[in-house]
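Structure, as structure tokens:
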């Protein structure tokens, strides 16, 4: 099971985290490339406003691609299967890597934009299909921990991108290996997304298709039994088989639903509201503001400018460690406790950070408090909203509704990601450090919503979770 999660994650959410991260390191080099390309092509200097616009397009086209990927990911998972969709998705990643890699030697920045768009589509599909696949082959008593592979590989991708993007040599097995943050390595850096794609193409075919998909969607009981034996062993597969058969019987041949059908289905009304609130809450929680202010906070704490990238690397390590910790705790502590606790702690750190940034220059120890709050906020986010949100999205729906729900959650996530990217500079410029008041209110609201609405899903089958929501959707006496 663990090997299956690794084979799925390396070409899934790892790509998302990696490609969000690596574009930050070569910003100056890409600016230089755009200037030189424009000058050689049109024999005049590139206007600074147009340079800013082109850079914004290169950075933000990834989100548009992610949105497109989220919109088609569920349909691919239904038509090609969960495993088939992930394998096909790697073709998009390889094509994107080729386009980004050849954009520099050919002097065509349009290829870089096209490559970023395609790798965004790849990330959107992976972010949609990976939780489906893992959630469907995991036994219910381990489902939370295995589903956390989504967040573990996402944060691992971010951390890997931060390391690869550094501009120096590191000691690796007694050899000095130069990282890819330098200008001469820029084509290699941006085309390196093909490596996880090739790794997944090499290892994922050795694992079977989702057992639930095989029985409920395809009606292939023999292949389902074989897949369950591969995943759970010949002695332990019967319990999972019985659970899948009960769900298949309850669905009574119901076909996979389209996203728009969920909005008119009273039976999933509160599940749908829940994933929309949680997904928006995750993206709008203030994590982007924390990373934006991190450099300023570290400078005020007296850290040298050239050392700040390495301290920022520490934030990536924090996220990775908390995702791993959450994976170990989720099936023991429960989803509700972790996600509510995460949001409550984030509310607290937003409050403290607002005061510490306001009185940053009043006392010598205040900058260190701000620095501690940055790390505490990231730890709280990783322990709760950062990991549990994706797990719950896959758990709250039965087989016929799950792909459509993932498409809706992915769409909301990418729209929120794009919106906060567009509005965040204006929020910061207008409110400065008081922007955290907005985020603390949002964190408090989401924590209250989860406390009042969402039941605990630990060790429950998908049908049992559906029955919990039945009371909310149709009334207590239904």
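Here, residue 1 is simply the first one shown, and the rest follow in order.
Heads up, the Cβ atoms here are built off N, Cα and C, so glycines get one too.
Taking TrEMBL as the reference, the stretch among 229-253, 404-428 described by the feature transmembrane segment is residues 404-428. Among the ranges 22-42, 85-105, the stretch that TrEMBL annotates as transmembrane segment is 85-105. Across 53-73, 186-207, 365-383, the stretch most heavily in contact with the transmembrane segment (404-428), judged by Cβ pairs under 8 Å, is 53-73.
Through the fold, the transmembrane segment (365-383) approaches residues 151, 155, 285-287, 290, 293-294, 297-298, 300-302, 314-315, 318-323, 325-326, 329, 338, 341-342, 345-346, 349-350, 352-353, 356-357, 359 of its own chain, all at least 6 residues removed from its boundaries and within a Cβ separation under 8 Å.
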